[in-house]
């Protein structure tokens, strides 16, 4: 066994390739990552160090080490770390090797492209005190023809023969790269005038001697053709600092001079202004000379912005701000008048109401101040395509120069989150309109369920049909369940003749796919029962052979079995040791391997291919299943811990500089959403943006939106207003992050706000260059601390394992992600760092066993021990609303965020429409806010880098649950007033009525103006007001109590996962959950308020009618406020009655009788003053 162990500062990974077979000798060979994935170490003796004695093949496949080297490196392994071993059984792609095969031939070294089906067909597991293993399974193997994958087929339409190769260059017979088979080539030479069908130039006669010469020159030509390569991890040095990225001009593998003549020839370009005439076509050869146009402005591409800020019209915003001021003044005068005119007859009623009204005014001010500066934003996708996906000097082939995006999808319980919902979300991600090679999707299964795993395998298989179909016909939305369930004409804007036929075929395949997904639970159960019965028979047979008795029970664990007859390493249904929900190994499975950089086109429709994909790129993005390790005794930190595990895994496997996170029930509704988000990240000033938040839109909500599930007031009013300050809050899903911001780094520049209301501003340049123009040839150091002192940076570099853990591969990926996320150099000002155009138009590094083994190590349960994960790095722990805290920390460092509202909804999801589920959801949010208020994340302790109004908004997030304490008291005051015959004021004077009218009218006018500039409607605003009172009298008080118990008594808070609604079958009621009544303790306060106010109205009316001196003014005041309370609680009362028509009439009759009896009883107990004779009652 050959072990490759790193120094104590690195993550020790031992890679072993076993030839397999019982009784056979084990011949092993060390595996290493390709050169760009090599870890960096400070140790001179580490085999992973760039300065140590390392044996690495140029192709990055395998390396062999001597026995002495193995011994020396193994002895350096610190005992504090756990050693991992990857056992890879033999597969068709990987056979046992002899000693002579330990070194690869030269042609294999130069290729550098290991078989990817091996990684995509292997399940990697590992964890605490366990061996990291690679289990070969037959899940979603690549089934594409190798010739098709490499693009070596004829480019002529209607021909699928293998292209000729090697006569002129390795790309084809012509230097333009057009591939053609022998028969088509002879036809072109014979009848086509000897011209290439691609570039229309004549084929050149090539002799045998010329072939030899071209073969010698071929490596140089290919190197010139490629775009600028990314910096290699092997080139990074940790010389008292973090790993650094070298300037491209200092790279040795890049040609020093650009061959402009060659570029003009290959792209058929022109010499621009040097020509006497500019052709109308731009690049047309032999075009007409009588048609001209002005030469294009080459600098216009860089000057045109990707985004534009659209301010709200001053005709709406100015009156809106004026009304806020007027209402604030009116509230001030009203409260002053209330304090100076007490009600001497009912001081308790006056004092309570005055205190509540003062708090309401303060709460309204906190809510209203951040709304002073609302803005709207628009993007220009045509500029994005022109700037990053068009040919230029550094990218002659026009490959995509967009940065990579890693998409995270989180799920935790296959029972509450149906696998079919998750599968549709994954399909919408795989078919998104973004460069395939720049996209990677990770599914986090925090429950370790085999059901989710096999559902994802089925999804990967169906994606080979669904994704090309979406690309070919421009399908929207690209969620098959949503698309086929649309109630509109599907032929609209579809012009292809084969659309109807192919849609029918794909629809049939999707119906079969749903049947397979829905039958997986029963299939897994039957399979496991059969295997377990077989194991019991084997155990009994073995017991008999050893002389045991049949009557003795045999204990065989009830395992959950995979389809290949092996134990599932995750959670078992029986919950055995090492296989329960909180105790299982870490699992990583690449369902779809990273695609090639070149487009791969399919074949015509036949028995195997449902649709014609000859003109469609059939590549699929990378797809990986990840289930982090869980062990008893470790705090796994729920969703935040799962997201941080994905951050580390993706950093090693794909390392996209940007991260999109989605819930399993939120799918991509707009296939261009990712491009719209990247417009903000890549535009001028985008390097200061930490995330782009999209609004949440929901489906499956009842038409009346009884419980304000759409939450449009928050997403369209509050979030738009925050976008005019420092940016919107992070709301947990539908958000594109900058990876370096998640790592806890500060922005390149920011502003500190000092003085009253932050009026004095101080600009800080945190990553500004200290060297002038000569900096281009220097190494670029990524700072990791907020204090930009060289000595502090040296100290910080020594503490990297404490911050990010002991994985050098993870640490070395940080500067690469930072570099790939930079703006183009043309967009940067003087003194700022950028990346050259075309630097990302290179292939992504292929996965290998060592890379996945390293990814297994970073999802272990103990990896975060003694690190800053969850404290400063990644998603922040310690709150049930980790999303708000994570966004707050970024804003507190000086980052800003953007709110991206697209014309077509970017994402859509589901929301609980059941009353009880909705209340528990609000309870979880409010409890998180109380935790924030009593923690150091309170906005009162924010830094000077956060704007004043942004600080007010975050302070209101922690304060709003406490309003419920005053709201409950205030809702009982009308009833107390009616019961006692008193009112909150001495009498309904004209002054009181004028104040009340002014406050009410200004509130209504503010609501109208908010509707005007936000785009919501009056119905949404009223539903929000109603549910504000429902939540404030039910979930928010419980949240305050739970938060106080956690702070004072240390009582832990736990919540159940919100159930996601599954897709209803045909004939089922879509809104069945709306009418289902589930009892909860949260319903007690609102029910009590409703009953007390209804009885109080009856008592007050009866008292006034029977009184000799009726006080109608007090009755009207009390009834008005009671009616105000009941109107707000009407949706709650309607939810308690269930489905309309199902509540028996006798219930309403008895309710009325009980109310009348209670009212008469109160009148008897406390009779009105005056005439009393009729109140006396005597038995005959």
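Using the three backbone atoms N, Cα and C, a Cβ is placed for every residue, glycine included.
In TrEMBL, annotation is done automatically, which means it is predicted and not curated.
Ranges compared are 902-928, 983-1009, 1010-1036, and TrEMBL records transmembrane segment for 983-1009.
Of all the recorded positions given, namely 410, 416, 446, 638, 883, those whose Cα is no farther than the 10 Å limit from the Cα of residue 663 (Mn(2+) binding site) are 410. Counting only same-chain residues six or more apart in sequence, the Cβ atoms lying under 8 angstroms from the Cβ of residue 410 (UDP-alpha-D-glucose binding site) belong to 444, 446, 639, 642, 643, 646, 661, 662, 663, 664.
Proximity of residue 883 (active site) to non-local residues of its own chain (separation of 6 or more, Cβ distance below 8 Å) is seen for 729, 730, 731, 732, 875, given in sequence order. For residue 663 (Mn(2+) binding site), the Cβ neighbour count at a 10 Å cut-off comes to 24, with all displayed protein chains included. Beyond the ends of the transmembrane segment (953-977), by six or more residues, the same chain brings 349, 352-353, 355-357, 359-360, 363, 366-367, 370, 718, 722, 725, 729, 884, 888, 891, 926-927, 929-930, 932-933, 938-940, 942, 946, 983-984, 1029, 1031-1033, 1036-1037, 1039-1040, 1043, 1085, 1089, 1092-1093, 1095-1096, 1114, 1117-1119, 1121-1122, 1124-1125 to within a C-beta distance below 8 angstroms of the stretch. The C-beta environment of residue 638 (UDP-alpha-D-glucose binding site), restricted to residues of the same chain at least 6 apart in sequence and closer than 8 Å, consists of 446, 880, 882.
Neighbour density around each Cβ, counted as other Cβ atoms within 10 Å, peaks among the binding-site residues 416, 639 at 639.
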